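Participant: Grabbed the feature section from TrEMBL, which reads as follows:
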DOMAIN    6-331  domain 'Acyltransferase 3'
TRANSMEM  7-26  transmembrane segment
TRANSMEM  38-65  transmembrane segment
TRANSMEM  85-102  transmembrane segment
TRANSMEM  122-142  transmembrane segment
TRANSMEM  154-171  transmembrane segment
TRANSMEM  177-199  transmembrane segment
TRANSMEM  211-232  transmembrane segment
TRANSMEM  244-263  transmembrane segment
TRANSMEM  283-304  transmembrane segment
TRANSMEM  316-336  transmembrane segment
Amino acid sequence: MKQRILYLDFLRCLAICFVVVLHSIASTLVNPEFYQCSTWYLCMLINPFVRTGVPLFFMISGYLLLRRPNTEHIGDFYRHNIPKLVIPLTAWSLIYYAHEVISGQHSIEIKQFLSRFFNQGVSYHMWFIYTLVGIYLLCPFLKRIVDHCTTRQLVLLLGIIMFPTTFRPILNHILPIYFYFFNPLMEGYLGYFLLGYILGRKQCQKKVRILIYLGGMVGYTACLFGNLVQASPEEIALPMNGGYMLNHYLLAASLFVFFRTWFETHKNRLEKWSEPLARASNLVFGVYWVHVLILNIITARFHWNGSLFPMLVTQTILTFLLSFLFSVIISSIPILRRILA
């Protein structure tokens, strides 16, 4: 087994857990029927954390791809990496569409399928893959930039990327005049991609880590109370959940730095977990693809008449275990691993 980076394997496993939990509790969070019940408050408490799942995926990919010397070779990079996204995307789009047809949601319409396939996906979680494809297309060019930039210059570039999607909305909310300046120059999620590289390339000094942890606390608090203040029995808007929100950047950065520091500090003691974590990490992509399908089936087939909390726990655990088992099976079959994972 090739040399792995232990904390990245752990973060990848943590991120998929966050994503599964997020999709399991999402309908509860926005349902006014559950407003201010104890389980709803619990979901609100964990919501800021689970919202960092996808940002962590972007950050991990950013660090791994931008540190590789061969990333700058456009043709080789595209041939090696783009099919790994597009082939499973096509296969899973067909699978999810077939499930909709079989379950009676609609009949087969090729035009409808193609329209959805070329517009952010057949299922709601596929937007991440489309965004990742776009970032991969930019990656060889971004690699040439980061190789010739200092850390300060990269932080400035990060700020430029984040301004239209992250900073400008904040300024326009708190200031009496409207700021615009310029449209997004790059996809806003590219900020997470670059942030992962910045935080992974060098070990942060203790003072910097403390500031990052404080930022994470601020991000968590802002997300929690910003959503609570805006919620009402009529509507639960959750304005702090937007993917580009600064609170997600702050909390995701703090988790990345915390676990990197912890794993590197206790490297010798944690080395025994390297192989299990690597194996689990290799299954994450398969879990991501299938978990929404399994969650939809569980939700549709099993009607829970008991209290909300046990239902959510059972639903989440079942979704994760069945998704993990499915990923284990397809990963053991080479042709399925290439097509579906």
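A Cβ is built for glycine as well, from the same backbone N, Cα and C atoms used for every other residue.
All annotation found in TrEMBL is predicted automatically rather than curated by experts.
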Participant: Are there 3 or more C-beta pairs under 8 Å linking the transmembrane segment (122-142) with the transmembrane segment (154-171), counting only pairs at least 6 apart in sequence?
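Facilitator: Between the transmembrane segment (154-171) and the transmembrane segment (122-142), contact is absent.
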Participant: For the transmembrane segment (316-336), I need the partner stretch with the highest count of C-beta pairs below 8 angstroms, choosing only from 7-26, 85-102, 122-142, 177-199, 211-232.
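Facilitator: Top-ranked stretch among 7-26, 85-102, 122-142, 177-199, 211-232: 7-26.
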Participant: Can you tell me which parts of the same chain pack against the transmembrane segment (122-142), counting only residues 6+ beyond its ends and a CB-CB cutoff under 8 A?
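Facilitator: For the transmembrane segment (122-142), the far contacts come to 19, 23, 54, 57-58, 61, 65-66, 71-74, 77-78, 81-82, 85-86, 88-89, 92-93, 96-97, 100, 113, 116, 186-187, 189-190, 193-194, 288, 291-293.
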Participant: So, does the transmembrane segment (7-26) come close enough to the transmembrane segment (211-232) to give 3+ Cβ pairs below 8 Å, pairs being at least 6 apart in sequence?
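Facilitator: Per Cβ check, the transmembrane segment (211-232) does not touch the transmembrane segment (7-26).
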Participant: Would you say the transmembrane segment (85-102) and the transmembrane segment (177-199) are touching, if the rule is that at least three C-beta pairs must lie under 8 angstroms and be 6 or more residues apart?
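Facilitator: Since fewer than 3 Cβ pairs under 8 Å link them, the transmembrane segment (177-199) and the transmembrane segment (85-102) do not come into contact.
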Participant: Determine whether the transmembrane segment (7-26) and the transmembrane segment (283-304) share at least three Cβ pairs under 8 Å, counting only pairs 6 or more apart in sequence.
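Facilitator: Counting Cβ pairs under 8 Å (6 or more apart in sequence), the transmembrane segment (7-26) reaches the transmembrane segment (283-304), since there are 3 or more.
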Participant: Answer with yes or no whether the transmembrane segment (244-263) touches the transmembrane segment (38-65) by the criterion of at least three Cβ pairs under 8 A, sequence separation 6 or more.
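Facilitator: Contact criterion met.
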Participant: Taking the domain 'Acyltransferase 3' (6-331) alone, what is its mean pLDDT?
Facilitator: 95
